[in-house]
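The Fe cation binding site annotation in Swiss-Prot covers Cys91, His133, His137 and rests on sequence analysis. The annotation active site is assigned in Swiss-Prot to Glu134 on the grounds of sequence analysis.
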Amino acid sequence: MSVLEVVLYPDEGLAKVCEPVAQVDDELNQFIDDMFDTMYEHEGIGLAAPQVGVLKRVITIDIEGDKTNQVVLINPEILESCGETGIEEGCLSIPGHRALVPRKEKVKVKALNRKGEEVIYEADGLFAICIQHEIDHLNGVLFVDHISALKRQRIKEKMQKLKKQIERAK
């Protein structure tokens with residue numbers, strides 16, 4: 001298991017639509033373990049594969065962060081959604097920035113688990129918000145795409161400066 005490098009906004013890979021996973025195997029499960037390690041290392045509650053540079057439809061979630069309720073969604077698809085909600089969201093690919101994002105209050109999602117079995121989750125609250133946020137990543141959408149162009153541009157400029165600082169420090 002290892003911690004992977006998190007891709008930072010405005011990296012072009014974060015704006016790409018991910019390919020479905022064709023086969024759930026040992027290699028994918030190792031990658032999922034690495035995704036969880038990365039998510040915990042950065043104190044996140046969700047992580048999508050494109051955030052670590054892999055354009056596949058894989059999500060890891062652990063709302064509590066205690067490793068007892070790990071959720072893996074492979075090729076997730078929202079079947080139903082209802083209600084309106086929203087919270088200030090953050091993102092491991094956009095550290096230090098948050099914004100209020102409108103979301104559905106409840107979602108029903110179908111996916112494969114890490115054994116390749118079909119699972120269905122009926123989620124609400126933070127779990128539903130996290131699912132929507134991570135599925136957005138799989139579709140090349142970030143939380144900043146839900147905010148005004150001016151705010152998005154300010155965040156983009158700050159993130160470009162941060163990326164330059166990180167590159168110089170290497």
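Note: Cβ is positioned from N, Cα and C throughout, glycine not excepted.
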(request) Would you list the other residues of this chain near Fe cation - those whose C-beta lies within 8 angstroms of the C-beta centroid of Cys91, His133, His137 - in sequence order? (result) Gly46, Ala48, Gln51, Glu89, Leu92, Ser93, Glu134, Asp136, Leu142, Phe143
(request) Determine, from DSSP, whether Cys91 (Fe cation binding site) sits in helix, strand or coil. (result) coil
(request) Mind giving me a neighbour count for His137 (Fe cation binding site)? Other Cβ atoms within 10 Å of its Cβ, every protein chain shown. (result) 22
(request) Measure from the Cβ of Glu134 (active site) and count the other Cβ atoms within 10 Å, all protein chains considered. (result) 24
(message) Taking 10 A as the limit, how many CB atoms besides its own sit near the CB of Cys91 (Fe cation binding site)?
(response) 25
(request) Could you tally the C-beta atoms, other than its own, that fall within 10 angstroms of the C-beta of His133 (Fe cation binding site)? (result) 24
(request) Give me the Cα-Cα distance between Cys91 (Fe cation binding site) and Glu134 (active site), rounded to a whole Å. (result) 10
